[in-house]
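**Student:** These came from TrEMBL, pasted as-is:
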{"type": "DOMAIN", "residues": "2-333", "note": "domain 'Isopropylmalate dehydrogenase-like'"}
{"type": "BINDING", "residues": "Arg88, Arg98, Arg122, Asp212", "note": "substrate binding site"}
{"type": "SITE", "residues": "Tyr129", "note": "site 'Important for catalysis'"}
{"type": "SITE", "residues": "Lys179", "note": "site 'Important for catalysis'"}
{"type": "BINDING", "residues": "Asp212, Asp236, Asp240", "note": "Mg(2+) binding site"}
{"type": "BINDING", "residues": "Gly272, Ser273, Ala274, Pro275, Asp276, Ile277, Ala278, Gly279, Lys280, Asn281, Ile282, Ala283, Asn284", "note": "NAD(+) binding site"}
Amino acid sequence: MAVIPGDGIGKEVTPWAQQALEKAAGDAASFTYENFDLGAERYLRDGQILPEEDLAAIKQTDAILLGAVGDPRIKAGILERGLLLRLRFELDQYVNLRPSKLYKGVTSPLANPGEIDFVVVREGTEGLYCGSGGAVRRDTPEEVATEVSINTAYGAERVVRYAFDLAMKRRKHVTLVHKKNVLVNAGDMWQRIVDRVAQEYPEVTHDYCHIDAATIYLVSDPQRFDVILTDNLFGDILTDEAGAVVGGVGYSASGCINAKDEYPSMFEPIHGSAPDIAGKNIANPTAAILSAAMLLRHLGFDEQADRIDAAVEADIAELGSTQRSTDEVGRDILARL
Ligand code: IPM
Ligand code: MN
């Protein structure tokens, strides 16, 4: 396993995820861990973001446990593009998997949330995230800046197939979210690929929602969703909203997955490094621990992953509303494993 605690609260929550992983795995698997010193501290110390030898070593692992990256002392984009997105791209993690579940014991900001349990399958390597674009006449009144959204049929089809496979294991419903009334080229391509792939999954129903409408449904009728399939940027925005709807990003885990297993997949809480609360031992390690469960499931240790999920569920049901430190939550969850 590669472990990249990263910055801020990433350093506080990742050790708990690692311990939960270790304890849940028990005798079923014996992991060895390699820690990577990557993130803001490293960059400020020696200017390195993701050295080639680190990338090569990470490529040799079976999976990556990541905390969070980001630091207000560093200009926006440097670590995000140079570390996090570089890993997603180099390791071809084309499925960004983000489940949202409202646990018993968690208060949703919605008045009548009902049962919320859906998964966002966000494309992870294309769209506006590619880094295609540039600026000319920078810092002049005539400045021009472009960000080009790259969408390939190959890139869309593989994530569409993943979404339909996943739906078969769930409530068998896929919702494509895009903006095909305006983004007529990419949106139309996504829709045609969905329609074509859907023919191979007669048991799975599918529908379509514009991104702006989807942000409404997520708060007005979240129960309508089972598997939400969407592109990189829409998925980024929608999953933050999804995190809020299920009571805050402290409960939201994610996986950046190379579903062909050519490279390791990476598991991380969807929250960031939260510099405002870093070092105070108050960050909730639950999302990081749930990421460890996703990691186990990805490697085929379903039973062990279920144990973490059950421990977290029981912990939240009983103690979710109490004020606890990072270490207390970590210890409480571990005690149930
Ligand atoms: C996320 C984050 C990243 C993203 C940033 C930090 C690059 O917001 O994982 O959702 O936009 O994908
Ligand atoms: Mn995001």
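First residue shown is number 1, and so on along the chain.
Any Cβ shown, glycine's included, is placed from N, Cα and C.
Give me the lay of the land around each of these features.
**Tutor:** Summed and averaged per residue, pLDDT over the domain 'Isopropylmalate dehydrogenase-like' (2-333) gives 97.
Within 10 Å of the C-beta of Arg88 (substrate binding site) we count 20 further C-beta atoms, all protein chains included.
Reduced to three states, the DSSP call for Tyr129 (site 'Important for catalysis') is strand. Contacts of Tyr129 (site 'Important for catalysis') defined by a Cβ separation under 8 A and a same-chain sequence distance of 6+ are given as Leu85, Asn232, Leu233, in order along the sequence.
In the shown protein chains, 18 other C-beta atoms lie within 10 A of the C-beta of Lys179 (site 'Important for catalysis'). For the recorded site, Lys179 (site 'Important for catalysis'), the DSSP three-state label reads coil.
The secondary structure of Asp212 (substrate binding site), as reduced to three states from DSSP, is helical.
Under 8 Å, Cβ to Cβ, and six or more positions away along its own chain, Asn284 (NAD(+) binding site) finds Val13, Gly248, Gly250, Tyr251, Thr326, Val329.
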**Student:** Using a 10 Å cut-off, grab the number of neighbouring Cβ atoms around the Cβ of Arg98 (substrate binding site), all chains included.
**Tutor:** 25
**Student:** Based on a Cβ-to-ligand 2 distance below 6 Å, what subset of the binding-site residues Arg88, Arg122, Asp236, Gly272, Asn284 would you report?
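**Tutor:** Result: Asp236.
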**Student:** Could you round the CA separation between Lys280 (NAD(+) binding site) and Arg88 (substrate binding site) to a whole angstrom and send it over?
**Tutor:** 30
**Student:** Please identify, from the binding-site residues Arg122, Lys280, the residue with the sparsest Cβ neighbourhood, meaning fewest other Cβ atoms within 10 angstroms.
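**Tutor:** Candidates: the binding-site residues Arg122, Lys280. Fewest Cβ atoms within 10 Å: Lys280.
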**Student:** Taking each of the binding-site residues Asp212, Asp236, Asp240, Asp276 in turn and counting other Cβ atoms within 10 Å of its Cβ, which one has the fewest?
**Tutor:** Asp276
